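Taken from TrEMBL as is:
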type     : residues : note
COMPBIAS : 258-280  : compositional bias 'Basic and acidic residues'
DOMAIN   : 70-199   : domain 'TFIID subunit TAF5 NTD2'
REGION   : 256-311  : region 'Disordered'
REPEAT   : 357-390  : repeat 'WD'
REPEAT   : 421-453  : repeat 'WD'
REPEAT   : 463-504  : repeat 'WD'
REPEAT   : 505-546  : repeat 'WD'
REPEAT   : 547-588  : repeat 'WD'
REPEAT   : 589-630  : repeat 'WD'
Amino acid sequence: MEGEQLNGIQLNEFLIGYLKKRGFNSAAKGLEEDLHHNKGSDNNVSSFTSIDYHNDPELTKLIRSFSQSEDDPTRYRECYSKLRSWAYNSLDLYKHELLRVMYPVFIHCYMDLVGKGHTQEARVFFNSFRKDHEMIHLRDLQKLEGVLAPSHLEEMEFARSLRKSKVNIKICQYSYDLLLQYLHRTESTLMLGIINEHINFQVYSGQPTSASDDIEAVTIVGSFQDTANHINQKEIQWGLLEDSLEDRLEKTGGLLSDFEKGQGESKDGDADDSKKRSTEIGKQGSSIKKLKKDKAGNATAKVARLETSTVPPAPRVKSELALPVMSTDVEQSILEDLRNRVQLSSVAMPSVSFYTFVNSHNGLNCASISHDGSLVSGGFSDSSIKIWDMAKIGQAGALQGEDDTNDPNVGPTGRRSYTLLLGHSGPVYSANFSPPGDFVLSSSADTTIRLWSTKLNSNLVCYKGHNYPVWDVQFSPFGHYFASCSHDRTARIWTMDQIQPLRIMAGHLSDVDCVQWHPNCNYIATGSSDKTVRLWDVQTGECVRIFIGHRSMVLSLAMSPDGRYMASGDEDGTIMMWDLSTARCITPLMGHNSCVWSLSYSGEGSLLASGSADCTVKLWDVTSSTKLTKAEEKNGNSNRLRSLRTFPTKSTPVQALRFSRRNLLFAAGAISKPAS
């Protein structure tokens, strides 16, 4: 067989079949047409037949190597190992771009081996090289680990979507040329076939971008991307509600400048103090007085107003839900807060109040802060919920999490300074206050959602519907309605007076980890472990937007006050800002080096606060982030321009953030012992 050459017909058939199998359809079609055109032609002068490919021993040898590699499982490990060594030994300038190719090649080599029934060789291959990709793709590798038979490739949704999709990889011209030269020089036909079949290269001229600058360097395309593009064509109404409280204030000119607020304070500050507003007014009033004393205070207020005035006003839309009637007292309280809101901007930073849980013994799963900052709740692994009233605690320095024989929360009368709520039969993963603060919703591993009264300190309703742990629950901006999301891959819309869900949103491919309402209550957003964010119409239950770009599970969401933008934070520490109307990422915000657990926009929408497991709170300039030019995008300093300030904690991961209506920033987390 060594010296035997293929005859012309066999060679033609094999070559055309191989080209079609590997996706070179246009080349196969061209070859067929050329052969058909030249059949019976004695005087053939085509460029194709100028090479005597029928009798060329080198070409015959190469074609035979194709067929041998198809059935030899050891070739996958050998070829991948050589490609890996070449990429890692490349120049540092191009190495990070060449290494982008390795992960898609790795997973498709593994799936090819499994698909051909070489299970043992597939396991050896997987275990030999998995450590290269664990840092970024650990969760995907854990899913692929369960693919052990050809049938799994069809049965498992994740594997099936990978096989049907292609990966877009951005790469500079020189890196692309280097890769092709290597593949042709080494005759790595196996790697060349996999790369051609599963990778789309987006080649650009010039020098390669730095490893961390381009968040869209590697993206998945294919049938799912086509579905997303189709869904993202749907029209959405992202504006604010007609006749909202903010709308009324704008029409009547009720929003005061900092200077006007200062004048008001000097005249009737005593009356305001006697009215109430416990913790927040006290702290925020002092921050306003400091601005008054500061000579630059007036100037910064003018800059803030100038920045916000350049943004076109949000359109007004009608609510698709029957919204609850707000009581007069609550309405007056909110209007008072809005009138006294501090205007924030890149030159006018907010005051930050941080609530630290101590002695929680790693039991704190979630924290939540009421809209005025007067109440703080914690959900614990022992299935309990604890609520602290800041007015009662007074100047106490920290929040005690667990009971102790010498618990400082237990006063001389033997009464705790927090309210203990018991009812769940599993760890509590989310707790959320209603806008007025009179109710708390909690979700748990026991698959239920419970409604609690902060006035009666008791459980009112238990909502059952999810089949697996419920990761998050959120009240709508107007109360009464709430949304939940679960390990069962669904999100659900509920109302307080019904024990069955009104809508079930299904479509995510993995856990739905977080949920957030749009300011106009017509939409909810969900973030998932499938690395996507979806926007759902509350009235119809349909998905109207799919946001693709995250490289890890999405853990937090926030909507801008005007409903125009959305921010999402993931497990890797990346924050992405999205335009809801186009479903495009405006800008990635890079700076955190661990999970982003919480996000919150300031009242006027000029700042975004983020809280992370890296024990920091960061403030981002939303205005400049949405106005960056292309030149600034290419500049490596763009991320530093967007990040305004970082507030580090001593050793406290930030689990909750909230801007109050008056623009005071509240944060909460449990202090953790630093690793020794």
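Heads up, the Cβ atoms here are built off N, Cα and C, so glycines get one too.
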Can you tell me which recorded stretch out of 421-453, 463-504, 505-546, 547-588, 589-630 has the most Cβ pairs within less than 8 Å of the repeat 'WD' (357-390)?
421-453
Going through 463-504, 505-546, 547-588 one by one, which has the most CB pairs that fall under 8 Å from the repeat 'WD' (421-453)?
463-504
Could you count the residues of the domain 'TFIID subunit TAF5 NTD2' (70-199) that DSSP puts in helix, in strand and in coil?
101 helix, 8 strand, 21 coil
Treating G and I as helix alongside H, and B as strand alongside E, what does DSSP give for the repeat 'WD' (505-546) in helix, strand and coil?
0 helix, 24 strand, 18 coil
